[in-house]
Ligand SMILES: Nc1ncnc2c1ncn2[C@@H]1O[C@H](COP(=O)(O)OP(=O)(O)OP(=O)(O)O)[C@@H](O)[C@H]1O
């Protein structure tokens, strides 16, 4: 590589296979690569159900893995401790949201407030040209001079949904070396290089929730029983009781414990009244949604945008019209009624493979 193309790049290393391969590829391309792991959560803080502390500290294990990979590929490696910031900016928000009757998305918050804010800032302090991550997403510069955020080519792994908050400034300094690859290719590259994490499994759904048991996590945080109450239908008839509103998400069917001739689903959560509202499948349908905190990767041309939208990560995008307001809110109307509009989740607007922007779901229309 010509010397002038040699860049100084910080790679965010989680200790997983994706960011390890990303680091190796950047190094092989001849860049000056610096590995950084963020310590965001210490499992030693977590008390297991039986009242015992976990005897291993998984996040430190991951940092250990990242360090070994960095050694193996021959790059300097640092750990930044963001525990306090992560607690304030991601975990507290996650817990608060559940206690407000919403279903949060902590990964978007982490990208928005930690990775592409604090970590990107660290990278700048280290004089780096770019921050790279192992996300499956693509960044391209258009003829309009703007950066565009595209889906990763592997449809099963595409993580562009989690990145909708990225701004032009952030994208200008970000690289996604795995955007053109499939997970299978990435695993093969890891094995070919003998990276010690090649066989490592997928990370858990929420990095700070051990065993993906978020209910236990919330009850460890705030105590159990506080949000227990009634299960009601739309007319207010009491059909049963529940152990905490945060145990329920719109669209959920299991765990209601109500005998009823037709299947019942959670159609709403009223945290103030501590009620879980249930109804038949058709009550899940909405013609649209309201969103707040709407941001655009590329500013829209008019006040209405024709797009397709994803209302949760594992959702097939559906056609919609977005009516944008100056205050950062929007009304989103689906072409066909859609099931399970869930307050607290992100709605992300796409045009084919491109992420246009997104926001936070407040309610249904
Ligand atoms: N603790 C961390 N420290 C530094 N970077 C991180 C950390 N956690 C995640 N990242 C970065 O964010 C990217 C996406 O994170 P995510 O948790 O979705 O990982 P993943 O898709 O399982 O990837 P990986 O296999 O690299 O863990 C990672 O590839 C990595 O670049």
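All positions are counted from 1 along the displayed chain.
Cβ coordinates are placed from backbone N, Cα and C, and glycine is handled just like the others.
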Original post:
Considering the ATP binding residues 12, 13, 14, 15, 16, 17, 18, 19, 38 given in TrEMBL, which of 134, 142, 145, 152 is annotated for that site as well?
Top reply: 134
Original post:
How do the residues of the domain 'tRNA-specific 2-thiouridylase MnmA-like C-terminal' (287-361) split into helix, strand and coil according to DSSP?
Top reply: 0 helix, 48 strand, 27 coil
Original post:
Residue counts in helix (H, G, I), strand (E, B) and coil for the domain 'tRNA-specific 2-thiouridylase MnmA-like central' (227-279), per DSSP?
Top reply: 3 helix, 21 strand, 29 coil
Original post:
In Å, rounded, how far does the Cα of residue 135 (site 'Interaction with tRNA') sit from the Cα of residue 12 (ATP binding site)?
Top reply: 10
**OP:** Output: those recorded positions from 16, 38, 110 whose CB lies less than 6 Å from an atom of ligand 1, in sequence order; none if no residue fits.
**Re:** 16, 38
Original post:
Just how many other Cβ atoms lie inside 10 Å of the Cβ on residue 14 (ATP binding site)?
Top reply: 21
